[in-house]
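Below is one structure, written out as structure tokens, with a few remarks after it.
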Amino acid sequence: MASLSVKPGQRFTVPDWQNNCNLISADAEHQRSTSHHIRQEGRALRNDTGNQAKWDENETRTRLKDRITSVDRWREALAKCLTDIDLEIDALTKAKEAAEDALQAKNLCLDVAIECLTFRESRRDIDVVRDPVEEELHREVKVIEKTKKELQQKVDEAFKQLCILKEARQQLNFDHRHKVEALDLDRQCLSFNVTSGNISFKVNPTRVPYGTTVLREWEQNSQFNKDHAEAEMKASVELRGAIMLTIAQTNNELDAQRIATEFALRKRIRDMEGALSELRWQEKNTLEEIAEMEEDIRQLEEDIRKRTLDLKVAHTRLETRTYRPHVELCRDQAQYGLTGEVQQLEATIRALQQKRTESQDALDALYRQLHRIQTDIGYKTNSLQLDNKCMDTRRKLVIPVEKFDPDVDAVSRTRNLPRNSQLEL
């Protein structure tokens, strides 16, 4: 007879079962209520944050546009200032070149006056008098030196002003270039949106970079650069006017003092030609001595080569005789003779080498002396050419200075001018 199996375990009552169902139902309703409340809060938060994000992004775009407008306005102002300062630099450069040309033109007048005074010092005995011509020449030298000093001062002032203008332009250029870069970056920032392909998270984006300035300092820097450039341009305009006035005044003073006289340079030319003839004779003899010395050195080297071959033969003979067998390896007369020959050849080679060294030193000295002679010939040839050109010195003054382009560089010959006391000796 089969029996009913009873599964072991805890048995709940019906009230327990009903309580459990009621508890599950109550928990479900509570969770739904909580979820509904969270959903409502999430929707409100989404709405608020979305609106706030749109408003913040719109405000950021507005600020970026305002900033771009402000920077672009300063960029245009700096660009205009750069154009103006470039024009002023060109104008001042031309004025400086005009002053330098006027200064260079004065060198010819001063050169002629000093040459005339130098020529007149060759007078002898009673002819050495202080006549009106000499007085006018001394007065001309003083006027030319005064005008040159004034022009040189204006040239120096123009150079310094050009350096200041270029420095101001460099600051303007840096500021302008930085603003162009800032505009590009701000416009790039303005073009960013959520669909841009190059947006990403950055490390510590809210940091304040090193060297960050405040807005007031930024504006003051640009304003200072602009004001400084405008002030220096104004000073440059005044300096250009002063340069033109100085050039006109100095030309008028020189035109009032210019005198027409001529002096001859034949004596100096004859002396220079005589010195050149002597130097060319020395050059010829030195070249002949160099040729003979080079030939002697070649003969010494040939003798050294021959004696070296003889020494090789003697060495070979001595080395070969060392292979004589047994008692045959004796110091005979041939051995003594070969040894003496080697010693004599070595002494001979040393003497020949010493003489070759002495000859080479003498040859080097001859070449140095030849170089000195040829250099001196070049100097004197150049001096002779300059003296020949001085024959037409006073004739050149009949041509207006501003139209005359001197063939002779008078600057190098009149830079170290004699003092007034030297001119009066």
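Including glycine, each Cβ sits where the backbone N, Cα and C put it.
The coiled coil annotation in TrEMBL falls on one of the ranges 62-89, 230-257, 342-369, namely 342-369.
Long-range contacts of the coiled coil (342-369) within the same chain, counting only residues at least 6 positions beyond its ends with a Cβ under 8 Å from a Cβ of the stretch, are 286, 289-290, 293-294, 296-297, 300-301, 303-304, 307-308, 310-311, 314-315, 318. Mean pLDDT across the coiled coil (134-161) comes to 85 in this model.
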